[in-house]
Each structure stands twice: as structure tokens, then as C-alpha cells.
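Trainee: The following block contains the structure, expressed as C-alpha cells.
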Protein chains: 2
Amino acid sequence: MTDQTDLRLTPQRMAVLEVLRAADDHPTAAEVYERVRRASPGIGSATVYRTLALLVSTGRALELTLGDGAAARYDANTRRHDHAVCDGCGRAVDLDHPVPDGMMAEIARRSGFAITGYDLQFRGLCPDCQGSDRQTTPSEGALHAEA
Amino acid sequence: MTDQTDLRLTPQRMAVLEVLRAADDHPTAAEVYERVRRASPGIGSATVYRTLALLVSTGRALELTLGDGAAARYDANTRRHDHAVCDGCGRAVDLDHPVPDGMMAEIARRSGFAITGYDLQFRGLCPDCQGSDRQTTPSEGALHAEA
DNA sequence: GTGATACTGAGAGTCGTTCTCAATGAAGCC
DNA sequence: GGCTTCATTGAGAACGACTCTCAGTATCAC
């Protein structure tokens, strides 16, 4: 994406990137801040927010809004991928299943948009929540239920 | 969706629903509040937020998070549909192009999720912004650029 | 070493949203 | 009609997430 020069790799930025790479649960900015503080107790929240924005803008991380109305989440996996979000426990897992190019072209043709990307989240119940049936608030009708 | 009884149709709720039905631009809750106040100046913001949540939970409206990190948006079009969001002007338009059932089944099989729905937004430039090239902040890399 | 610039932490401020609570009003019963 | 019950309301405080400001610090090029 944008050029990767002009980016000073300070200890604080390294710490944020490390936390993001070590996480497999798509942490929110507040969670990243909390984890970074364990390694670098003196770091400020503004620095974490700034660094996350920087990592996103330079293509080193992805910002996700998982449609639950909550805070943005971050993902160090910058390969093209989608997400499945569990209505029971809120967990989000990565999916490798790109939208077919033909579908993108069809959308572009019908809407007149010059499509540059998309954002796709499936919702449902993860295997754990299906088994234990510990579905708390199924956010019924939240966005696009009963597809 | 859920039962439509047990919902008292007060003037305030009517006003919110009217605003939502008259809007074709997916207003935020704050925008809905502002428009409702023109018709019912005495209405409070809590009432508008409560009513929007109620309309969503009873299936009379959809809540959208268009991935721009901004506030939730609302849509009185409750038919199954997706959105295309312009990176130039931020406008969101409705799309009628459901994800193929086969793809949903494939995702469910691979992830182990019991998929109940999905949320799909395309991003790019609307015809107007392509023409005038007045793209301000293309939110580059925001979620899933360069698909 | 010096000056310019990028970066930092602290904390106040902003924004969108939710919560609390007393007042109001509609429905149901007698 | 009078009473009770309970849903609904508006006002405003509170909350969480995030951004902005600013003075101090670190790093770079020369």
C-alpha cells in the first residue's frame, strides 16, 4: 500500500505490533492498550491509538468493525480474508473464502460504483456455542438475520 | 420477525418511523434525532435512541455499521439487501444482490459455524465521485482495500 | 554540537450512546 | 368516573471510545 519508509520503528510501535501479531482474537484498541501496558507500562493510550491508526494506514494491520456496535477491532492478518462472528460469545474467526470476481463485476455494473474492495462478515453460532447452547443475547435482527 | 403486538404506537415512535421511511440516505441516530425534532420539537434523544433500538428489535428497521468507524446507521428497508459505500462522499446505496446460498453453505461447512446471516458492504467510488474525482479521504486500507 | 523534526505521555475534550429517575399518560378493572 | 398498574417519556448525568493539544524527549541530517 503506501510507502513503508518514513516510519520510525520506536519501541512503543514495536510493542503494539508485537501484541497485534501475538493475538488471534481480534482485540479492540482498549484491549491492545491493556496488553501493551504489560510489556511497556509507561505507554499512553494516545500512543496506542495513534500507532494502531498508523499501522492500518501503512497496511500493516486491518481495522474491523464487526457490526456489533462496539469498538473497532484490529487484525495483524493483512491477507484478504473475511470473518465469521459468533452471536453467542462474540468471538470472530478468520475465513479464507473470497467473494467471486464475477459477483464483484456484477455489483459494479449494476450500481455504477468503481468497486475497490468489500467487507463481509457472517454471523451465527460457533461450534462451541452450538454445543453448549450458551447463547446469551442472540442480537436478533441486528443486521441481516434470516438470510 | 418477533411479534408486532406489545408495541404501543405513540406519536414519538410514529415520528421516528416516518423519518426513517422518508430517508433514503441511511441516517445516523443523531441525524434521525435532528430530523424528528423538526416535526416533534419536544422529543428527547433518549427516546429516539430507544425507539430506534425498538424498531430494530421488532424487525421494522435495520441497523447498519458501514465500516467507516462512525456511528450506526438506520434503514427502514428491511428486505434482504447489501450496501455499496462511496469512499469519496461516504454515501451508501442499497444493492439487491444476495450472496449465493452455495457460498453460505461452504462457509458453514469450513468454519463449523451455524450461519444465520451475513453483512456485506462493497466500497469504492460512486458514479458522481468518479466523474468529479472529488475523492477527499479515500480511507485507504480501512478494511479490505485492493480486493 | 546544533537545529529540525518526529514522537511521546498526560490529560482534557468530544462524540455517540446508555442509564437513571421522576413525571406523564394510556389501558384495564371495578 | 375513579383507581391502579405499567409502559413510555424527557432531562440530564454518566459512560466508553476515541481524538486533540501541548510541552518534553528522542532521533536524524548536517
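Quick reminder: no glycine exception, Cβ is built from N, Cα and C everywhere.
Just lifted these from TrEMBL, have a look:
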type    : residues                     : note
BINDING : A:D82                        : Fe cation binding site
BINDING : A:C86, A:C89, A:C126, A:C129 : Zn(2+) binding site
Trainee: When DSSP is mapped onto helix/strand/coil, what comes out for A:C129 (Zn(2+) binding site)?
Mentor: helix
Trainee: State the count of C-beta atoms found within 10 angstroms of the C-beta of A:C89 (Zn(2+) binding site), not counting that atom itself.
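Mentor: Around the Cβ of A:C89 (Zn(2+) binding site), 15 other Cβ atoms lie within 10 Å.
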Trainee: If you skip the near sequence neighbours and keep only those at least six away, which residues in the chain come within under 8 angstroms of A:C86 (Zn(2+) binding site), Cβ to Cβ?
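Mentor: Listed in sequence order: A:A92, A:V93, A:R123, A:G124, A:L125, A:C126, A:D128, A:C129.
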Trainee: Within 10 angstroms of the C-beta of A:D82 (Fe cation binding site), what count of other C-beta atoms is obtained when all protein chains are considered?
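Mentor: The answer is 20.
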Trainee: When a 10 Å sphere is centred on the Cβ of A:C126 (Zn(2+) binding site), how many other Cβ atoms does it contain?
Mentor: 21
Trainee: To the nearest Å, how far is the Cα of the residue listed as 'Fe cation binding site' from the Cα of A:C89 (Zn(2+) binding site)?
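Mentor: Pair distance, Cα basis, whole Å: 18 Å.
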